[in-house]
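Now, the feature entries from TrEMBL:
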TRANSMEM  24-50  transmembrane segment
DOMAIN    42-293  domain 'G-protein coupled receptors family 1 profile'
TRANSMEM  62-88  transmembrane segment
TRANSMEM  100-121  transmembrane segment
TRANSMEM  142-164  transmembrane segment
TRANSMEM  197-222  transmembrane segment
TRANSMEM  243-264  transmembrane segment
TRANSMEM  276-295  transmembrane segment
Amino acid sequence: WEFNGSFYQPSAFLMMGIPGLEALHHWISIPFCALYLIALSGNCMILFIIKKTQSLHEPMYYFLSMLAVTDLGLVLCTLPTTLGIFWFNMRRIGFDACLTQMYFIHILSFIESSVLLAMAFDRFIAISHPLRHPSILTKTTVMKIGLVIILRGMVSLLPIPFLLKRLTYCGKTELSHSFCFHPDIMNLACADIKVNVFYGMIILLSTVGMDFIFIVLSYILIIKTVIGLATKEECLKALNTCVSHICAVLVFFIPMIGLSMIHRFGKNVPPLVNTLVAYTYLIIPPALNPIIYSIKSSHIREALLRALRRKSE
């Protein structure tokens, strides 16, 4: 502990694996390793295929590349501490290292939410204004959107580590997860955390909350457009281009909303449920997104098959 008058700040926090199953951590690490391996290889494969396939150099796949990079970032943020606990019981993480990990986890989560919104906008333009789609979403425009997404995440979350560093901590230093979350760290403080709670809620609602609302509105407009199409075949073809994106949205937002509710209102929720929802939120989407897009996107699938044939020759 660092002492300065009445101000206390822990030198480190203790992270938690899966409560009640500590004796099985080595066995539990096997499915986690599989998920991390799928996430790393799958997202790298998506990036490689999009880069090497000229026909995939269009807005939909540029946004998919952003999603893959974001998922890789989330995996690399949580993998060292999660497997460190499961394999070596390395629970200790320095105070500043914890704040750094927390900052990047939240930034990448916000970026993923914004990329999913950009992908919904792309699908809306492609279905509602197909002839104007190439002129509206040019390569330059997509790059600008990507830059705005990154800056929004970085700037909006920049005060969070400083708001946590100003707090006085005492008593417990044990976190609820094998990685650092803002609400989790904040709840260990024995000072007034109203500013942290208020700022965290405002940022969450104004970024991820607004993204989700605009995604829903985009799909309402898409459905309205699709209903006006002439034939049933055209309707199904238009909606089929959105299936993979809808799956990615559900896989990301459902666990995220659940975890936010648990941290803020679920005081009596069992620790095991809290832990499993957190792992679902941060590990499952990066592992599932490449599978979803590989299965549902015929262009990705065909490019993958061509790449495999070239390797086998």
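The backbone N, Cα and C atoms fix where each Cβ goes, glycine too.
Between the transmembrane segment (142-164) and the transmembrane segment (62-88) there are 3 or more Cβ pairs closer than 8 Å, counting only residues 6 or more apart in sequence, so the two stretches are in contact.
By the Cβ criterion (distance under 8 Å, sequence gap of 6 or more), the transmembrane segment (243-264) is not counted as touching the transmembrane segment (24-50), fewer than 3 such pairs being found.
On the 0 to 100 pLDDT scale, the model's mean across the domain 'G-protein coupled receptors family 1 profile' (42-293) is 90.
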